There are 2 protein chains.
Amino acid sequence: MNDYSQLEERLNYTFKNKQLIIEALTHKSYKKPYNNERLEFLGDAVLDLIVGEYLFSKFPNSNEGILSKIRASLVNESGFTLLARKLDLGSYIYLSLAEENNNGRNKPSLLSNAFEAIIGAIYLEAGLATAKEISIKLLEESHPKIDLDSLSKDYKTALQELTQATHGVTPNYTLLDSSGPDHKKEFVIAVTLDDKTIATAKGKSKKEAQQKAAELALKELKA
Amino acid sequence: MNDYSQLEERLNYTFKNKQLIIEALTHKSYKKPYNNERLEFLGDAVLDLIVGEYLFSKFPNSNEGILSKIRASLVNESGFTLLARKLDLGSYIYLSLAEENNNGRNKPSLLSNAFEAIIGAIYLEAGLATAKEISIKLLEESHPKIDLDSLSKDYKTALQELTQATHGVTPNYTLLDSSGPDHKKEFVIAVTLDDKTIATAKGKSKKEAQQKAAELALKELKA
């Protein structure tokens, strides 16, 4: 039997039932009566809830649309592949020789699925609180900056992609106004396309106002 | 303040924090500083996990693809609307006059979202075990027969829909063979299209074999 102690140390969790960790690490190509797909199914839902609740508490003023977007940026194959690599899951996975020769241990889908299965297995054996503690710790270590700012950047990027496709131009952001005392400044930004104003928005920083303006412009252009 | 005692009785749960049930029942049209969208976001993930784990335990031999399909048939707007109606959620929802006049209390999306928000609120206040108990009870009452059979029927229906669209004909199921002693019979069924065999499958009953054959035929025709 393999030694899982290093993996368990990285997880900060010791499996009571070793069959559970074995199942979580078994790719379907290995042709055993079990594989990690069922645990992956469970782990996927566990992680959706854990990350959803984490964001729900962390951003008490954000609406459901924002929360969904941040979650989607964390809960996906590339995000989980990152966590799987940190745990070095690849070297533990049981897989067929063919899959092995096909660089299977390094495939994002394999790694991401094994990570979900591991979390599913911990949930089954130890419950939600333990699975939550372990997942959030891993997540915070790999995403030191989960914040609205880094999310909102996506609006500017998305707007630029859209306008280049539809109008062949890049949007411009213009400062229309700034007011208020230093500790409570407010900025008004207009986003323009070919000198035509598409949207304006206020914010506590230029960056915030730009991001809000981009979001509004996106809605406007898609309407 | 409204009286929620009848609703709480139907849920078999009494909210300690009444603001939580109010928020869960408040549609965004009501224009309060809060609405039920954040709780709906949370409840959606809670229900995905609860139903996923329920199916994971109930069907220990089903693979992840089957579990996902059964879950999708339960965790969706029409399923949750059914549960919301059983709870008579519609008469409790806070919504704008415009939405009210627009038959809002009867809209599937409004009802389904309010149901998810209620489960999200129970999860927040009382944890996963309580939310699980309440949801599973409601689910089992409205879906007395959550089984693989009623799911697999969908394969035959899906195949028929597909072949009528692509070939203008209905598939036929033919018994090719039955063998084994009475208590351990095995049936072999072929599914044919215009007298051409698309797939054959074995099963412990004719029904099971037909369903498996339909599933294989679907894969074949979509390949």
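Note: Cβ is positioned from N, Cα and C throughout, glycine not excepted.
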Same Mg(2+) site as A:Asn113, A:Glu116 according to TrEMBL: which of A:Glu23, A:Glu37, A:Glu40, A:Glu208?
A:Glu40
Among A:Glu40, A:Asp44, A:Glu116, the recorded positions in question, whose Cβ has the most other Cβ atoms within 10 Å in this structure?
A:Glu116
Counting each residue once, how many in the domain 'RNase III' (A:4-127) are helix, strand and coil under DSSP?
90 helix, 2 strand, 32 coil
Rounded to a whole number, how many Å is the Cα of A:Glu40 (Mg(2+) binding site) away from the Cα of A:Glu116 (active site)?
5
Measuring Cα to Cα, tell me the gap between A:Glu116 (active site) and A:Asp44 (active site) in whole angstrom.
6
For A:Asn113 (Mg(2+) binding site), which residues in the same chain are close in space, meaning a Cβ under 8 Å from its Cβ, but six or more apart along the sequence?
A:His27, A:Asn36, A:Glu37, A:Glu40
In the same chain, outside A:Glu40, A:Asn113, A:Glu116, whose C-beta lies within 8 angstroms of the Cβ mean position for the Mg(2+) site?
A:Asn36, A:Glu37, A:Leu39, A:Phe41, A:Gly43, A:Asp44, A:Phe80, A:Ser112, A:Ala114, A:Phe115, A:Ala117, A:Gly120
For the domain 'DRBM' (A:154-223), how many residues does DSSP put in helix, in strand and in coil?
33 helix, 24 strand, 13 coil
